[in-house]
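Quick look at what TrEMBL annotates:
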- GLU95: active site, nucleophile (ACT_SITE)
- GLU99: active site, proton donor (ACT_SITE)
- 15-209: domain 'GH16' (DOMAIN)
- ASN103: N-linked glycosylation site (CARBOHYD)
- 1-18: signal peptide (SIGNAL)
Amino acid sequence: MFVFLFFVASLMATTTLAGNFYNDFDITWGGSHAKILNGGQLLTLSLDKASGSGFQSKKEYLFGRIDMQLKLVAGDSAGTVTAYYLSSQGPTHDEIDFEFLGNVSGQPYILHTNVFAQGKGGREQQFYLWFDPTRNFHTYSIVWNPQRIIFMVDNIPIREFSNAEKLRVPYPKSQPMRIYSSLWNADDWATRGGLVKTDWTKAPFTAYYRNFNANACTSATSCSPTSKNGLRDDAWRTQELDAWSRRRLRWVQKNYMIYNYCSDLKRFSQGVPPECRPSRVH
């Protein structure tokens, strides 16, 4: 039954209306290492010894739901990082991260997540995935509203970061953010802490993107409760995890989480951050 529900969730995650990469994104670096194909329906990023590549959204977003389907670098991807994230600019920037840390053939990718608010990050959680992310496209989503940030994979929540401003914990809520993605060499840290280096004989390394969807506000004005800005579905505005979603979240975190900053007592020997109270889920 649980497998069937996973299938339904995955199907739901792939039926949103897709954007067009020509209309929605700019290639920002890497030149011919980044390509938009199939009339704007597919984007590829490549990495070799000469260069990686990256792109960013034309628009900035302030709250919403962002979906993107990715198929990650196959084979020996050790040393590579595929980053997909929201970010503002400047020393007090906000940021919501998915980063996929490559590995040697046959070993799992690590999905690294983080949240920055007012320039402060350090809120890492890391996961293995319950599938091979290089064989097929999978949907990676960020739901961001004033109350919480939900990270989802194929519509299955893997992390919730709640607004804890009442505990004086900064929360991303006032800086519009663009969508960024890049494929780059990080073999000084990405795989086993830098012990495994990028094997350039396996280059070029290529990641694939399709079915981008931003059901999101582009400014504080367009995000007001009375706004009529043509959003297809504004359920994300107050979205929270229901009982079924919390069961799935607990399943993922019990079976696939490999690092949680809230549990790192060596790192926080004087006490974990205030948002890490046992009553909270992040």
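From the backbone N, Cα and C atoms, a Cβ is placed for every residue, glycine too.
In TrEMBL, annotation is done automatically, which means it is predicted and not curated.
In this view, ASN103 (N-linked glycosylation site) is surrounded by 19 other Cβ atoms within 10 Å of its Cβ, with every protein chain counted. Counting only same-chain residues six or more apart in sequence, the Cβ atoms lying under 8 angstroms from the Cβ of GLU99 (active site, proton donor) belong to VAL81, THR82, ALA83, TYR84, TYR85, LEU111, HIS112, THR113, ASN114. Within 10 Å of the C-beta of GLU95 (active site, nucleophile) we count 19 further C-beta atoms, all protein chains included. Separation of the C-alpha atoms of ASN103 (N-linked glycosylation site) and GLU95 (active site, nucleophile): 25 Å, rounded to the nearest whole number.
Taking the domain 'GH16' (15-209) as a whole, pLDDT averages 95 in the prediction.
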